[in-house]
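Student: Have a look at this one before I ask anything.
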C-alpha cells in the first residue's frame with residue numbers, strides 16, 4: 001500500500017501556507033484522498049451532532065464515503081497490479097473470475113425469469129445481457145464475504161501501530177493506516193448495499209430484462225399475434241409466446257398457435273440461376289429383371305420328336 005512521502009521538501013524560508021501546499025501536493029494522490037475523506041467524515045460527524053439529519057451533514061457524509069472508497073480502490077489497484085505475475089495471484093484471480101462468471105450467469109437467468117414469468121431459456125439475448133449486468137451484484141457479494149476479514153486485520157494493524165508508535169515516517173503513516181481500515185469498512189458497506197435484493201440494482205436489472213426480452217428476443221408475426229404491436233416467439237409446433245407492452249410493463253403469455261404452411265407463392269429466381277422454369281418431372285419406369293446372358297438358359301425340357 002502507498003505510504004506518506006515527501007514530508008520535508010518545502011523550502012526552509014517558505015511561508016506556512018506554502019509549506020502545507022508543498023507537503024500536500026507531494027503526497028501520493030491516494031494519501032490525499034484518504035486525508036480528504038477523513039476530514040469530510042469528521043465534518044459530517046460534527047454537523048450531525050449539531051443538527052442531526054441535516055442536509056449539510058448528509059452531503060459531508062456521502063462525500064467522505066465517496067473519497068474513502070475511491071482511495072481504497074485505487075490503493076488496492078496499485079498494490080495488486082505489480083503482483084499479478086505471481087503464480088498464487090494468477091490462481092486467485094482465475095478462481096475469483098470463474099466463480100463470478102458462473103454466479104452471474106445464474107443470477108441473470110433468475111432475474112429474467114422473475115421479469116418475464118417465463119422460462120429464461122426462451123430469451124437467449126436477454127440472458128446474455130443480464131449475465132453481464134449481474135457481474136456488479138455478484139462482485140459486491142463476493143467482496144462483502146471475502147473482504148470482512150482483511151478489513152478487520154487492517155484496522156487492527158493500524159491500532160497496533162498507533163499503540164506502539166512504530167511508524168517509520170511519522171504519525172501520518174499511522175493515521176493513514178487507520179483511515180485505510182475505515183475505508184475498507186466503507187467499501188464493504190457499499191458492497192453489501194449493492195448486493196441487497198432491495199437495492200436499486202435488482203429492480204433496474206428486472207426492468208432491463210423485461211424490455212430486452214420484448215425487443216430483442218421476440219419477433220413480429222401477424223399469424224399468431226393477437227393485436228398489432230404484439231411480438232411472438234415460437235416454443236414448439238403448437239405453442240407460441242406472445243409479448244405485449246402494457247401500462248405495467250411488458251407481459252408475456254403462452255398461447256396456442258399451430259405451425260402451418262404459407263400460401264404465399266415463391267417469386268421467380270434471380271437472373272443467372274440455372275433455370276427460372278419449374279424443373280420437369282421424370283417418371284421412373286418400373287424396374288425390370290435383367291437377363292444374364294452368361295448364365296445357361298433354364299427352359300422346360302422339350303419332347304424329343306425324333307426317335
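Cβ atoms are placed via backbone N, Cα and C, with glycine included.
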Student: For which of the residue intervals 172-194, 195-217 does TrEMBL record transmembrane segment?
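Tutor: It is 172-194 that TrEMBL describes as transmembrane segment.
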Student: Look up transmembrane segment in TrEMBL and report which of 29-49, 218-238 it refers to.
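Tutor: Residues 29-49 are the ones TrEMBL records as transmembrane segment.
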Student: Which one of 103-143, 267-307 shows up in TrEMBL as region 'Disordered'?
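Tutor: The listed stretch tagged region 'Disordered' in TrEMBL is 267-307.
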Student: Which range out of 29-49, 61-80, 92-112, 172-194 gives the transmembrane segment (132-160) the most CB pairs under 8 Å?
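Tutor: Comparing 29-49, 61-80, 92-112, 172-194: 172-194 has the most Cβ pairs near the transmembrane segment (132-160).
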